[in-house]
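These notes concern the structure reproduced below.
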């Protein structure tokens, strides 16, 4: 920052200290006689240095902080510091040594000596080189008068570079350090001409020396005055620079504060925006919550109103109940006052309830018996229809047989005999039809009587219920009166008791009459049917035997064709309908009957089904009068075993069969075959009670086991108690149900009348053994010949008979 200038043109002994902010110039005269002036100058110099030291420290502190300077201050400082070159040239041209002080800067300009004393510029550097070489520096010697330039002391540190000064000059921006540019002028001493003179000058006169001394003393005084002025101005300048630095520091601080404030404002703006968004969301949420709260408030208010209304209603009901309770207590007190106890009333009520339960049970039993009677009547009617169809079929068969006979194929005697037999058969058939019609009329009459009796019983029940209600109303009205309370209770009890007794007695008589009438009718009907069909069976048997003995080849071939066709038809139907069972006929009678009617059934039924396509539909009867598995099972078990039970399940029946066979037979090896056979009679896990009786199914299972060869050879009666075992398990019933008073034993095949019947029975025994009892609509199993003999024994609706 500081610069040292030494000019060879100046011959006076000057010491110029160029400092920023002030220029301290010391001028020594040539004569050097005045030591006081020298000491004064040195003291001033030392004091100036002491003053400048703290200023330098402050400048160093300010430069360490790198304070920016405003462009306006720099431009002002440069204007004050720069000195135009024209002044410098004027200084060189001036010949006077009068000191001048410029207003622009604190620079002292001294007037130069005369022009002839001014040395040339070439000699000045030589003299300048000699000056530092002299050890004894004498300010008063005129011969050695010269400028001596000392190194100026810098107030600011040397950290600032020339690049910064050049950049500050060219740019308007603030620089980190304050720089002052001082104008360097050549100070021309008065003794330039003398210093430029040769080494050995001529001695001057004393007047000139005195004049020079006076001039040098005045010059020293001017220099001292200029120094004092410069020091004062420098001190003021230093003080001004410090204030400028402080202002610059304040400016930097204010700028930093402005930046911080701007950043804070931006951050606060962002925060305010986020807070505004949060407030908006909070407002919307609060509005939603407010609406929900209002809706909840309304709902709660409505619910509260509803609860209040319900509470008021309950309070009213409670008040009414309390009033009623008070009245009842008052009545109890009144009754206790009369001397009666509540225990007797409770006992009477209990007895009345028990009696009512008994009457209800009796009524229920009576209704069940009535239903069973009605079902039996329907069964009888269906049996009659069945027998009528059978007689019609027999009539058709006889007509066909009579039409087939030709006079050419037989002898006259045979034809006459056959015609007579046919006529007799026709007559008997006519008689049988008449009897059947008569029995039909009787059954219709009995059914009408039964319906009338049923209507009468229903009317009586309605009347008795009305009487009971009237008695109850009378008892209630009498209970209200305090005096006749117990009398009314007794009267109602007696009325109910008497009415129940009369009702039971009347219905018992009706039931007895109905049972006796049914018994008589069934006996008469069974006797008449048995006699007619037994006689008809014998006659047909003799006719068939005689026909087979005749040597008629055509007739034999026709019968053979009919047999083969019937056999094929039966095999196909048995394969197709293997899970349907045979009719409900006792097994022994069925086997015995098969020996007598096998051939006749084959001949007649095959021809009948050929001529009549609706033959299968004529024999599809629902003999039970029930619908559904549960209803049929209940009806069957109640009628046969007098027990109510659910339908039989396949899993339970299989477990029962396994248990029985493990007890009876060791190592039974036909489990799978037996299960397949049993599963044919079960649908969806239950027995088909609506298609077949369970007792027939048990008999069929028993027959299936008895027909196994390995158990047939050893002992025929291995599975004889199977039915009892099953009935005991399901119904706690030891005896198997009987369908007639006498169940004929199974006749052996050796007891047949002739070997032909034995062969036919053996031939068709296995095929017709497992034909179903009940048939679905639209199905047939090949057995078109119904059982012609009806055996009636125990009535199924009451186990007493």
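Glycine residues also receive a Cβ, built from the backbone N, Cα and C atoms like all the rest.
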Region 'Disordered' according to Swiss-Prot, located in which of 355-375, 376-396, 397-417, 418-438: 397-417
Which stretch, out of 201-221, 222-242, 243-263, 264-284, is listed as transmembrane segment by Swiss-Prot? 222-242
State the residue range annotated as region 'Disordered' by Swiss-Prot; the candidates are 460-483, 484-507, 508-531. 460-483
Pick from 695-726, 727-758: which range has coiled coil per Swiss-Prot? 695-726
